[in-house]
């Protein structure tokens, strides 16, 4: 059970330049445009740019005054940090923006509405009704001063800010980000205390958040977009994280996600009641295939950008459902348990739980933190999402876009609580 705590007021001494910016910001209210400040400080503070070409920002002091004077009623706060950091602590009333890395290019091209990357339905509606009427303030972890450089990759914070302003919103970024605001005004920050959180007390990291990601304009196959340790690799080229769970991870009561080692451990298979094994590799043997105790299915796919894994989604989903109907556990594995088997597992959750790609991916990642499907597989999952009709209604796509998989049947959709209690 999570309890929301508000920290005691904490004040930190500001630098001379920071104090000047805050002082200039003090008289600038929500909705003011760049340069709207008064006196000698105009053009420096929260409602103004910090120089030619700089993006418009608001100060921590300005935000504190808005929250205390109006309770944030005239403000729409957007937190662009990873979801785990948002869950750990965030500014009151903020909405978190979380998105799989594959969607960043779509965001850059302008065909991904911002509303569609807000996971919570109530927050979607709040964004839709207030984004044009309120001052929109975005923040990341610690951006202090930001001036775009010509030709440099746009940060996601900058991309969102520019898109909002192009759409007619009064949008700004928070100078100094969350770190500065929490240091100076912790009473306006909400912290979730959860006994199951990181034992070290440090916030976990995520590959899904927007804050530190950058978007390249190249047309690479996506392999370079995977940020994994380089100390080890799969036999067919996929990086393998240095630390992995010792046993398969339970995704649903009957569905387990693991690696090749798990599939050869009789003690593990027996412990979890696993009788069905889905092997998502072209060359790893089915260790106990001839013993008659286990039911196998093998999907001959390598972890490579050229492979079409999505054509096997229907039969993989059917195989998992067969195990479920017989009240048996099913293990989905590849070599390392981070790419191919994850892709199949996410596809299953999307169809059977009626989850969007973003929600299904997040669901799996919360159970197994080291997942990293290759970029092409994520693209296939995105196409699968469209076929299932799970995309946001405001996320329109050109009719000429190609789908790269056999269309699965869209039936037998189960609510989350039904599947998790089975």
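Positions of Cβ are set from backbone N, Cα and C atoms, glycine also.
Within 10 Å of the C-beta of residue 334 (active site, phosphocysteine intermediate) there are 29 other C-beta atoms, taking all protein chains into account. The feature active site, phosphocysteine intermediate is assigned by Swiss-Prot to 334, with sequence analysis given as support.
Residues or ranges marked as substrate binding site in Swiss-Prot: 334, 335, 336, 337, 338, 339, 340. Under the three-state DSSP scheme, residue 338 (substrate binding site) falls in the coil class.
The compositional bias 'Low complexity' annotation in Swiss-Prot covers 18-33.
Residues or ranges marked as compositional bias 'Gly residues' in Swiss-Prot: 34-43.
Annotation comment: Swiss-Prot describes 230-243 as compositional bias 'Polar residues'.
Positions annotated as domain 'Rhodanese' by Swiss-Prot, on the basis of sequence analysis: 71-190. Here the domain 'Rhodanese' (71-190) has, by DSSP, the following mix of helix, strand and coil residues: 51 helix, 24 strand, 45 coil.
Among the features that Swiss-Prot reports, domain 'Tyrosine-protein phosphatase' is placed at 247-390, with the record citing sequence analysis. Averaged over the domain 'Tyrosine-protein phosphatase' (247-390), the predicted model reaches a pLDDT of 94.
The region 'Disordered' annotation in Swiss-Prot covers 1-43 (among others).
What Swiss-Prot lists as region 'Disordered' is 219-243 (among others).
All chains included, 29 other C-beta atoms sit within 10 angstroms of the C-beta of residue 337 (substrate binding site). In sequence order, 280, 281, 299, 301, 303, 309, 334, 373, 377 are the residues near residue 340 (substrate binding site), counting only same-chain partners six or more apart with C-beta under 8 A. Every protein chain considered, the tally of other Cβ atoms within 10 Å of the Cβ of residue 338 (substrate binding site) stands at 26. Mapped onto DSSP helix, strand and coil, the domain 'Tyrosine-protein phosphatase' (247-390) counts 65 helix, 23 strand, 56 coil.
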